[in-house]
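A.B. asks: Here it is: the structure, laid out below.
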């Protein structure tokens, strides 16, 4: 039978519940347990697909095509279990399901209320998510509840967790509470009152945490831990200090050294083998002792909030691990390039243009791509970055001066990138979409395997085929491909069913390393294995730096 660990947060958001939950999962997995994770988001949106990256951060896409919270990316990077749509749900999905049942008559005329109907539905979603784990029936399901204790939006989720713990019985569920212990510089000390009040809030709704994870900018002294223990009614050894680290991959060892996994296993009456965190210590060793160093420029419009590119940043870090190369990322605002030109790019070893939506900043990205192509600087374009690379090539090499995407210029005569009007859904039916279709849930999403053209750089990187995740509604227009290929551009991978361009590259006779991909390879990169595309990109950046004698 699956046992549950509920992870809650207090005082403020963005303390790192997702990293803490993923780190605990990594330790338990190293002890031989089958582990899955779920993220419960209290917002009313059905999914984060149409939310601004400035508000929500990155949207992580699962293999089965779900648009989910970025914490699911952390989960996949820390454990071997792949996430699915059922691993993330929102208040919007819960209410949508309950209202659908009410309309269908499932409640037999009863008054539908938050308790019991909403809370019962939350419990059903949790158990369904755990049961659908790709690892088989998990020994432990770690459930991260978004928001903070005291938020009105989180109350139904906390109440559902309390009810579920009571229903499952002793030693079947436990609670881990992550809270802030701020350092007040004027007083010269850590303050425990916010943590005490946060735990009191939790106890008011009937939840007594078994473990406190105390976030601070430094290790919490023993006397402060004793104070927290006494006022929170949590055993002293279960008050665990979680201080700022320069790498998230140090957190599993930090938590294990303080006995978090032992406490959880004792509470849930589990007797697994001892933890083996050798892999994590080796990763940290590689991170801290690189042999080389490169600087890669990431040109985008969300550069002020790096959470928007969380998986991409981590994928570059993974590549640094597997190439013994420290990767410095410079975030460059594409709108500044539109104003000031490309001088800010001239010291870079490589240029990367990530995915994005909307017209703002696109001409700056195109200028950056042109610079990378003409200066022979390694270039990687992801999703929109590939589309803009094709537009740049069409304008400046092929001579299609009005080449553009209908996303930015609906009336452009040279629609090099256009909306895919006919899509195949998962049942194989054709669905026609237009520019007026709803935005939510209307993208090409999830994994798709594609054959790769022999003799290309793509084949050197991936092999005979590529299986990556997608999130887009625009594609390179096949009508212009013959002209692009006549100019030298290579379409190196296509979808087998719709024949859509998936990868493009320039031959080495034109450029040493210039690749665009319509998919999002960053979603499948892990610290354990890295990713072949990002490893090749970092190696190309290093070769460029060495060739320049820098």
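Glycine residues also receive a Cβ, built from the backbone N, Cα and C atoms like all the rest.
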A.B. asks: The ATP site in Swiss-Prot includes 14, 15, 16, 17, 18, 19. Which of 64, 69, 71 is also listed there?
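C.D. replies: Between 64, 69, 71, Swiss-Prot records just one in the ATP site with 14, 15, 16, 17, 18, 19, namely 71.
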A.B. asks: Determine which of 473, 479, 494 appears in Swiss-Prot for the same L-glutamine site as 356, 384, 385, 386, 387, 407.
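C.D. replies: The one candidate that Swiss-Prot places in that L-glutamine site: 473.
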A.B. asks: Going by the CTP site in Swiss-Prot, where 151, 152, 153, 191, 192, 193, 194, 195, 196, 227 are listed, which of the candidates 13, 23, 30, 344 is also part of it?
C.D. replies: 13
A.B. asks: Rounded to a whole number, how many Å is the Cα of residue 385 (L-glutamine binding site) away from the Cα of residue 71 (Mg(2+) binding site)?
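C.D. replies: Pair distance, Cα basis, whole Å: 24 Å.
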A.B. asks: Other residues near the L-glutamine site, CB within 8 A of the CB centroid of 356, 384, 385, 386, 387, 407, 473?
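C.D. replies: Along the chain, the qualifying residues are 355, 357, 383, 388, 405, 417, 472, 474.
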A.B. asks: Among 356, 384, 385, 386, 387, 407, 473, which the record lists as binding L-glutamine, how far apart in Å are the two most distant Cα atoms?
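C.D. replies: Farthest Cα pair among residues binding L-glutamine: 14 Å.
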A.B. asks: Of the binding-site residues listed here (13, 191, 195), which is spatially closest to residue 407 (L-glutamine binding site) when Cα positions are compared?
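C.D. replies: Nearest in space to residue 407 (L-glutamine binding site), counting only the binding-site residues, is 13.
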A.B. asks: Sequence gap of 6 or more, C-beta under 8 Å: which same-chain residues meet both conditions with respect to residue 520 (active site)?
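C.D. replies: Residues satisfying the criterion: 61, 311, 355, 382, 383, 468, 469, 470, 471.
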A.B. asks: Just going by other Cβ atoms within 10 Å, which of the recorded positions 71, 144, 407, 522 has the emptiest spot?
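C.D. replies: So among 71, 144, 407, 522, the recorded positions given, the one with the fewest Cβ atoms within 10 Å is 407.
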A.B. asks: Restricting the comparison to the recorded positions 71, 144, 356, 386, 522, which residue's C-alpha is spatially nearest the C-alpha of residue 152 (CTP binding site)?
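C.D. replies: Sorting the recorded positions by distance from residue 152 (CTP binding site), the top entry is 144.
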A.B. asks: Determine, to the nearest whole angstrom, how far the Cα atom of residue 473 (L-glutamine binding site) is from the Cα atom of residue 144 (Mg(2+) binding site).
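C.D. replies: Distance (Cα to Cα, whole Å): 31 Å.
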